[in-house]
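See structure below.
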Amino acid sequence: MKVNGIPYRSIWLDPDGRTVRIIDQTRLPHDFPVVGLRTMQEAATAIRDMWVRGAPLIGATAAYGIALQMVEDASDGALDHACAVLHATRPTAINLRWALDDMRAVLAPLPPGERRAAAFARAAAICDEDVEINRRIGEHGVALIEAIAARKPGPVNILTHCNAGWLATVDWGTATSPIYQAVERGIEVHVWVDETRPRNQGAHLTSWEMASHGIPHHLIVDNAGGHLMQHGQVDLCIVGTDRTTARGDVCNKIGTYLKALAAHDNGVPFYVALPSPTIDWRVQDGVAEIPIEERSAEEVTQVWGRDAQGQVRQVRIAPEATPGANPAFDVTPARLVTGLITERGIAPASAEGLAAMFPEHAARAAE
Ligand SMILES: CSC[C@H]1O[C@H](OP(=O)(O)O)[C@H](O)[C@@H]1O
């Protein structure tokens, strides 16, 4: 997407052919720092410490992390070690495992001397594929917004949770792609942006995306969505996902499940933007089988912000003696999901719906 008229992706290879450029998202919205990753360990740190985040972008960064390893040591042992280190960074987004498996499948058969070039080529291809997948998700999702716009005056009010924007992917975003494409088509939209405690990806990132693209929006506390739905102020919910099971259970940022319950109770359509690499065909029951990342209590007991002097600081909001609990994701059962917006079209949130949309994947999973 464009930032101040300049086209950006959230990750790219520097012209030097060995430095991977990312935007350090922990500094948004106050700064827009582009930083360079030059080693596998730096890529692992960027994922673990959430300089980059979002399932597709985590996968893309891991792919480039493998490529950076191949610059330094392209041996079988180094490849295995890099996959293990990168896989251990964050447990929930399935794109991480998918990307590492993809890179290993390409590189393992090659002699070490050919692995560096092949790794950077495959990482770049993974990025290009993500951009095209998300563009198509937008094309399919915009029809939902158009249909609502056709039957009501004023803007289509869309609620989203966390950041499933272009910053969470290589470009376009998943949940935001239909929104961006609706705006490109001249459809009037307004976005309710859940702040998304505790790391406030909505406040820091989605608000920044909406503001930088001139899209009308309001930042709301996570607990306001149900009230807005009760009062007819939400026409549609679109969220992202970090892992969706073969039967359509959706793992996403903590709080998504509660939003889905409120939407179900108020008859508000609840859609999930789902790129196919985010489907885990190996699991059915999301609540029972998806590992939920437990992040530090400090993320709950403290918050980041910019003070009156312009200094970005972390301040404590709870007593020193108060411990925190910080599950970073939850699982929305398929029964609460109106539909899954994939790059091939909108699928029912069911095993049958996903198998019909992706028969080759379902068949491979059944083998
Ligand atoms: C398009 S994936 C976006 C997804 O990732 C976010 O999690 P995190 O910021 O912790 O990586 C959140 O669950 C978003 O919906």
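Positions of Cβ are set from backbone N, Cα and C atoms, glycine also.
Remember, TrEMBL labels are computer predictions, not curated facts.
Residues near GLN201 (substrate binding site) in space but far in sequence (CB under 8 A, at least 6 apart, same chain), listed by position: ARG53, CYS162, ASN163, LYS253. DSSP assigns GLN201 (substrate binding site) to a helix. Summarising the annotation, TrEMBL assigns substrate binding site to ARG53, GLY54, ALA55, ARG90, GLN201, ASN252, LYS253.
CYS162 (site 'Transition state stabilizer') carries neither a helix nor a strand DSSP state and counts as coil. There are 29 other Cβ atoms within 10 Å of the Cβ belonging to CYS162 (site 'Transition state stabilizer'). TrEMBL lists CYS162 with the feature site 'Transition state stabilizer'.
Summarising the environment of ASP242 (active site, proton donor), the number of other Cβ atoms within 10 Å of its Cβ, over all protein chains shown, is 31. Per TrEMBL, active site, proton donor is recorded for ASP242.
Geometry remark: ASP242 (active site, proton donor) versus ALA55 (substrate binding site), CA distance 5 Å.
Each residue in ILE58, THR92, ALA93, CYS162, ASN163, ALA164, ALA168, GLY240, ASP242, PHE329 lies on the same chain as ARG53, GLY54, ALA55, ARG90, GLN201, ASN252, LYS253 and has a C-beta within 8 Å of the C-beta centroid of that substrate site, without being one of the site residues. Annotation note: ASN252 (substrate binding site) sits in a strand segment as assigned by DSSP.
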